[in-house]
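Below is the structure I would like to discuss, written out as structure tokens.
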Ligand code: NAD
Ligand code: LMR
């Protein structure tokens, strides 16, 4: 039995993500939770002839049912950006939402893998970790910030430039998930780029989210590409933990000591039966990438502290 719970399942990301998870035949139960509209989404998805039994839960009083027995909890609950906003501007609303959902998960499914999509990811992951610590159920190996969309974007942009197959292009993107904290390691792709290409690619990967926010013009941020990326990440988690495949890796934002002075950082992480099985170090960086890392550190540090303080000082 493999139960996956999606919290925020009726939202812009939640619906297509749940659709893609319903198509994942490793999942036997898909629990959809939201504060509104879950019944319709659950009824709709339940007609698809794949193994996952779909259940819908609405409102705080049904949260326990969604979480009980969950092996994986994916959280895309919360508000998205509008043009002119930073991800950190979402902290005010989303920090509280994530904290409440994490509190329920710590009580009802403390051993679940927690995959956090809600922004600002740089801060919401520390929030989940601090909540689990406060409940005495913390396991750093099981809490992940989903940064997969940065990798998906980087792979697309590089493959467009280099005419390579998008599916087999693999650009490590390390650091965090916001503007300057997103560090594409283009030197690790095996391709050569002019300085101008590096400049343009880096800017586009760091601000790909803004590109979508601008195009949606007030109607939200990336949902469909995020659903794809989120489904890929959950699939990797299940391949490593349930199907016991070895060598499954994803860049993901986890508790890590690879970057001096930062408690959380994304690098390539090998996944295993218990979640994180091996955290790869920061790959060898060229001078340009070292500058990107230097620029990322202060913002990432502040974002992490803000998340930790939100729980500790509550
Ligand atoms: P949305 O507004 O379309 O959907 C959010 C859903 O969350 C809604 O259905 C809402 O009812 C639900 N919700 C609100 N409070 C809730 C609660 N307490 N419990 C359960 N559900 C709750 O937004 P969206 O476009 O799906 O984006 C969701 C979040 O994901 C945003 O914070 C956005 O910034 C973030 N995001 C992250 C990434 C990433 O790469 N990690 C990518 C895209 C978006
Ligand atoms: C993204 O990268 O698309 C998300 O983090 C959403 C956003 O606010 O840009």
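Positions of Cβ are set from backbone N, Cα and C atoms, glycine also.
On a predicted model such as this, the values are computed, not experimentally measured, just so you know.
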Of the candidates 94, 155, 163, 170, which does TrEMBL annotate as part of the NAD(+) site that also includes 8, 9, 10, 11, 12, 13, 14, 34, 117, 118, 119, 226?
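Checking 94, 155, 163, 170 against TrEMBL: the NAD(+) site match is 94.
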Rounded to the nearest Å, what's the C-alpha distance separating residue 14 (NAD(+) binding site) and residue 119 (substrate binding site)? Just drop the number here, would you?
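Taking the Cα atoms only, residue 14 (NAD(+) binding site) lies 14 Å from residue 119 (substrate binding site).
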I'd like the number of other C-beta atoms within 10 A of the C-beta of residue 87 (substrate binding site), please.
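Around the Cβ of residue 87 (substrate binding site), 25 other Cβ atoms lie within 10 Å.
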Could you give the number of helix, strand and coil residues in the domain 'Lactate/malate dehydrogenase N-terminal' (2-145) as assigned by DSSP?
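Grouping H, G, I as helix and E, B as strand yields 65 helix, 28 strand, 51 coil.
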Express the distance between the Cα positions of residue 226 (NAD(+) binding site) and residue 153 (substrate binding site) as a whole number of Å.
10
